[in-house]
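As structure tokens, the structure follows; a few thoughts come after it.
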Amino acid sequence: GKTHSFYTVCHERAMNVDQIAELAKKELDAAEAGVTNARQYLREAEERLIRARDQFVEADLRRNSSWNSMYRRLLEYKRTHGDVLVLTSKDSPHDVRKLSKWVQNQRVHYKYYTNGDTKHIKKHRIDALNKIGFVWNMLEHAWEINFNDLKSYREEHGNFNVPKKYCARLNSFVASIRKAMRRKRGGHYQRELTEDRIDRLNSINFAWGVKNPARTTRSAGEEENARGDDCLIDLLADFKGHYGHVHVAKMMSIWRSGAEAPAKQEYKRLTSFIAAVRNEHELFSEGKPCSLLDEEKVRRLTELGVKWKRPASEPRINSGWMKRKKIEKDGNDNGEDNDNNADGEFDVEQVEVSIISDQAESMADHAESKTDQIFDT
């Protein structure tokens, strides 16, 4: 009797386990179906979000604003000239120079954007410019053109010895990258010769023509250049003593106009010197090797009043409202505005994402909670 009772209890418990397992299986199937539905809903939500963003961009670009007006002029320029570079010369019409200035401003705003200062240009406007092949970095663009032309020359002639008469631009490009490699192997940082560019040049078996071994000490020529830099700083101090400032470029424009002659002809050398040290100061600020500057020279130049370039990551003051006040009074002289935060604009991500994504995530969370309950059981 005891044995029969024991088997009866075991059988009942086994039936209960089977029932629990069957129920758990149903719950698991339901949860998996919920997760599948939630994922499908998310995919559909993403598609709706993309369509809504595209519609928003199209609607925003149809608004009456100076940015949109210049954008449409850029489209017309592309249809006529086949590119969006908008290169100008002294003979270019006023409207072309105006458009060129606007294009340059977009590049500056994009540089700020990539460094976290996003108030000057919005992402959907960046996307709109990307769609028409906008060139954000002219130096990078020029390097790509030269590289492709050099590659074609190599395929046609079998070497990299580009005669100056054949193409002066390409001849200069080859000479510059070989010089940059010599300086790089000599321990100097070369911004234009990145590792990626070296790899690309090596991929076409570029003949560097560099035989000089790496040096850790300055040559006699470099020592002479260092002393020459000190002399130029002394010359700049003399310039400031005579004119009361270090705005050499401003004085150069006056000298060229013939309104005034320089007190010393040597002062003309200071224009290129200041431009070079201001460019190299960016490397110095990043702690990279420099060929012109050291701490003592930076100190002396700063004390003289040389204005260094502001880092691109440093936020700029958004003076759009001040510009609009000036436009109302004087009229817009360059087609530029700062209407990124103008009234009437909306952000599609705040409208669409908050509604669609929240619902989809809620469904997914519910399905996952069901799954967790089943596995806990």
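Heads up, the Cβ atoms here are built off N, Cα and C, so glycines get one too.
Unlike curated records, TrEMBL annotations are generated automatically.
Feature list (source: TrEMBL):
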type	residues	note
COILED	28-62	coiled coil
DOMAIN	65-134	domain 'Helicase-associated'
DOMAIN	140-206	domain 'Helicase-associated'
REGION	319-377	region 'Disordered'
COMPBIAS	333-350	compositional bias 'Acidic residues'
COMPBIAS	363-377	compositional bias 'Basic and acidic residues'
Need one number: mean pLDDT over the domain 'Helicase-associated' (65-134). 92
Summarise the domain 'Helicase-associated' (65-134) by DSSP state, stating how many residues are helix, strand and coil. 46 helix, 0 strand, 24 coil
List the helix, strand and coil residue totals of the domain 'Helicase-associated' (140-206) as derived from DSSP. 45 helix, 0 strand, 22 coil
